[in-house]
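Asks: Please find one structure pasted underneath; my questions will follow.
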Amino acid sequence: MKSIHETRNEINQLDQQVSKLLKERFLLLDKVLEYKILKEEQIENLQREKEVIENIASGSDKYDYHLKEIYHKIVEQSKSYQWHLLLKENIYIIGFMAVGKTTLGKTLSQKIQWEFLDTDLSIEEREQRKVKDIFKESGEDYFRDLEAKVIQDIHEDWIRDNDKKIIACGGGVILNPENVRTMKKNGVIVYLEGDINTIYNRISLNDSRPLLSEAKDLKRRVETLLESRQNLYREIADITLFVGEETPKELVGSLIQELEHYERKRSLSE
Ligand SMILES: Nc1ncnc2c1ncn2[C@@H]1O[C@H](COP(=O)(O)OP(=O)(O)OP(=O)(O)O)[C@@H](O)[C@H]1O
Ligand SMILES: O=C(O)C1=C[C@@H](O)[C@@H](O)[C@H](O)C1
Ligand SMILES: [Mg+2]
């Protein structure tokens, strides 16, 4: 009988072969992506995914369940790899308070497996206090300086490591032109546009927003603030996504389609 040492050596050798083959498989994806860009096909192709998994496991032996699980992961990573190749910059999600930036950003991050950062949460972590308390105790200017610092840090990560993230921005990030210039240098800007009723309904779920907390007529205050910012959001957006009845998953589907279209156009014009 083989010793455990010999058996483990054999496993190690097989793992070397598997990882070499997987690398070769990834290399072929560069060609697949070239084809998809040319033919304007989307990276995700559910029919092809089904075929790949059926090809590898017919369901007739005791390893099939495990092989399928492994292949689901391979397919997921194959898509993630292609999105990394195609999408070359940070993805900034901007828009009015409560329109759904954080929800969309997190859902997109799960789908394409990129790191997610929320500028408001990042500030709260640094300060160890809530945005509402920062406004109350230190003032809006202090908060805006912290916000600009977060945008600058994202830029530095990008320069240093070519690190790509999905960033849900605070509603007022775009008020500082320096933030906008920096975001434009390293990212694609997605404006999540909602109508007043959708926004107002979502705002009503949570009353912790400092710029709204003193308002006597909340809906009027939201309307005025939205009107004063709407054009700026629209002007700086590379992609605009309208928010209505769609679930976060549906919105992510549309966003990926728009992002792929945007990057495809750019890569063909380079
Ligand atoms: N697609 C959606 N459908 C229904 N409800 C949603 C959707 N997206 C977000 N919401 C809800 O709307 C509210 C605000 O969402 P979210 O926190 O993502 O918005 P935000 O733009 O990040 O807001 P904030 O101004 O706090 O940063 C939450 O209660 C969330 O569950
Ligand atoms: O719209 C705004 O100006 C703000 C939006 C929030 O995300 C927070 O960044 C803060 O409450 C200010
Ligand atoms: Mg948010």
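The backbone N, Cα and C atoms fix where each Cβ goes, glycine too.
What TrEMBL says about a protein is an automatic prediction, not a curated fact.
Keep in mind that what you see is a predicted model, and the values were worked out from it rather than measured.
As annotated by TrEMBL, domain 'Chorismate mutase' applies to 1-86. The coiled coil annotation in TrEMBL covers 4-56. As annotated by TrEMBL, ATP binding site applies to Ala98, Val99, Gly100, Lys101, Thr102, Thr103, Arg209. As annotated by TrEMBL, Mg(2+) binding site applies to Thr102. The annotation substrate binding site is assigned in TrEMBL to Asp120, Arg144, Gly171, Arg229.
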Asks: Around Gly171 (substrate binding site), which residues of its chain at least 6 apart sit with Cβ under 8 Å of its Cβ?
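Replies: Spatial neighbours, sequence-distant, of Gly171 (substrate binding site): Ile94, Gly95, Phe96, Met97, Arg229.
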Asks: I want the residues beyond Ala98, Val99, Gly100, Lys101, Thr102, Thr103, Arg209 whose C-beta is within 8 angstroms of the mean position of the ATP site's C-beta atoms, in chain order.
Replies: Gly95, Met97, Leu104, Ala168, Leu192, Arg202
Asks: I'd like to verify something. Among the binding-site residues Val99, Lys101, Thr102, Gly171, Arg209, which ones have a C-beta closer than 6 angstroms to some atom of ligand 3?
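Replies: If the test is a Cβ under 6 Å from any atom of ligand 3, the answer is Lys101, Thr102.
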Asks: Looking at the binding-site residues Ala98, Val99, which one has the fewest other Cβ atoms within 10 Å of its own Cβ?
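Replies: Looking at the binding-site residues Ala98, Val99, the Cβ with the fewest others within 10 Å is that of Ala98.
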Asks: With Cβ-Cβ distance below 8 Å and at least 6 positions apart along the chain, what are the contacts of Thr103 (ATP binding site)? List them in sequence order.
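Replies: Non-local contacts for Thr103 (ATP binding site): Pro248.
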Asks: Return the members of Val99, Gly100, Lys101, Thr102, Asp120 (the binding-site residues) with CB less than 6 angstroms from at least one atom of ligand 2, or none.
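Replies: The qualifying binding-site residues are Asp120.
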Asks: Could you tell me which of the binding-site residues Ala98, Val99, Arg144, Gly171 have their C-beta within a distance under 6 angstroms of some atom of ligand 1?
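Replies: List returned for ligand 1: Ala98, Val99, Gly171.
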Asks: Comparing the binding-site residues Lys101, Arg144, Arg209, Arg229, which residue's C-beta has the most other C-beta atoms within 10 angstroms in this structure?
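Replies: The most densely surrounded of these binding-site residues is Lys101.
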Asks: Using all protein chains in view, find how many other C-beta atoms are within 10 Å of the C-beta of Asp120 (substrate binding site).
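Replies: Other Cβ atoms within 10 Å of Asp120 (substrate binding site): 22.
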Asks: For Thr102 (ATP binding site), which residues in the same chain are close in space, meaning a Cβ under 8 Å from its Cβ, but six or more apart along the sequence?
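Replies: Long-range Cβ contacts: Asp118, Leu121, Ala168.
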Asks: Identify, in sequence order, the residues in the chain of Gly100 (ATP binding site) that are 6 or more apart from it along the sequence and have a CB within less than 8 Å of its CB; answer 'none' if there are none.
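Replies: The answer is Leu192, Gly194, Arg202, Val243, Pro248, Leu251.
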Asks: What's the CA to CA span in angstrom from Arg209 (ATP binding site) over to Arg144 (substrate binding site)?
Replies: 15
Asks: Over the domain 'Chorismate mutase' (1-86), what does the predicted model average in pLDDT?
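Replies: The predicted confidence over the domain 'Chorismate mutase' (1-86), as a mean pLDDT, is 94.
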Asks: With DSSP as the reference, give the number of residues of the domain 'Chorismate mutase' (1-86) in helix, strand and coil.
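Replies: Per DSSP, the residues of the domain 'Chorismate mutase' (1-86) fall into 70 helix, 0 strand, 16 coil.
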